[in-house]
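S.K.: Dropping the structure in here first, questions after.
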Amino acid sequence: VGNYKRTVKRIDDGHRLCNDLMNCIHERARIEKVYAQQLTEWAKRWKQLVEKGPQYGTVERAWCAFMSEAEKVSELHLEVKGSLMNEDFEKIKNWQKEAFHKQMMGGFKETKEAEDGFRKAQKPWAKKLKEVEAAKKAYHAACKEEKLAISRETNSKADPALNPEQLKKLQDKVERSKQDVLKTKEKYEKSLKELDNATPQYMENMEQVFEQCQQFEEKRLRFFREVLLEVQKHLDLSNVASYKNIYRELEQNIKTADAVEDLRWFRANQGPGMSMNWPQFEEWSADLNRTLSRREKKKASDGVTLTGINQTGDQVSQPNKHSSSLSVQSNTVQSVQSSYNPFEDEEDTGSTVSEKEDSKIKNVSSYEKNQSYPTDWSDEESNNPFSSTDANGDTNPFDEDTSPAMEVRVRALYDYEGQEQDELSFKAGDELTKMENEDEQGWCKGRLDNGQVGLYPANYVEPIQ
């Protein structure tokens, strides 16, 4: 009696399990969304790095195909997230709402119906069981009383002090107790027989209510199986045609990379095959031939435009992201530190994430596609600002009309390799002396500890505190 409560509790457990399954799917959907966002961010950042970097031609397209793959896979995972939340999650939520009905006083209607059904089916049999227990208790008490009366009678026969009248009372007591035993035994057996007769009907009634609970639980179990199969289909991208196409297309893009074609393109656009601008006779002009200071030369070199470049020789019909009018920008940062590691841990550098991302985008490799190269050149020692005459103090390449600044000790943040003869080279962590403040082009004049004087990018150092 009362053990049906375990079956009734299963209904409440079913409602809670629906919540658990919804929470499980919701967490997975959130993971899919975060993964999709990270793929998109990765693809965007590395696409910029590759496009700015020195790689070119068909191999560049093959490399960029990985970023396209990431963007497409990101879209698929966003679709997975949408399917999990819009279909599976909502389906469980609606099924739970239809299957479980809350009552005003708390609990579920299905729970109360099951409990009432079990209690109604059990009530007649429980009543008879109670009668059996009472009859058994009365019978056992009569047996105990009979045994006690017989014991008293036996003891009284050995006691000479008792008169015949008292002995007669004890004997009568024994007789009455024997009759009570017979009556209570008969009643006990009768109630037990009635209980046995009522048991089949009791079992049938309880079985009916139990089967109703089983059917309700079967609906939940089958529903869970159905939902889990749908979740599996939404998560399994191996059977999605577009997912297979992504990697089929990626493989094709990689296989189309052709070293011979790329080398022909580079020869035609950047090598001997490109259009040459051979020196031609030019009339003298006072404006063109006046002496320029080094800083004026740097300003003049900004934005030099080479126009009318017509491909000659072996022409390669390869898409070129550089236009025929090639603009050569001044190299504000001539080179990037060669020892930079894009996968270095944030803890090792102490920089913020945003600073590190900016550094990665700027410092792709040793140079960028649009990097300009110095046009000034000379093979004469007399034109070398760091020749022996400088060392003797006869001339100073930095004798300009700038006001001297106070010398400040600074520390290099990155490796820098001088691109021109009047530029310093140093490693990250080296210390040097800043002799002049930053100019308009972002350059400073400094002196290394070995006495060498030259220019360096201002943003490559920091003051020593």
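For all residues, glycine too, the Cβ spot is worked out from N, Cα and C.
Curation does not apply to TrEMBL; its annotations are automatic.
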S.K.: Looking at 103-134, 167-198, which stretch does TrEMBL describe as coiled coil?
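M.R.: Going through 103-134, 167-198 one by one, TrEMBL flags 167-198 as coiled coil.
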S.K.: Please spell out the DSSP helix, strand and coil residue counts for the domain 'SH3' (405-465).
M.R.: 3 helix, 28 strand, 30 coil
S.K.: Where does the mean pLDDT land for the coiled coil (167-198)?
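M.R.: Overall, the coiled coil (167-198) comes to a mean pLDDT of 86.
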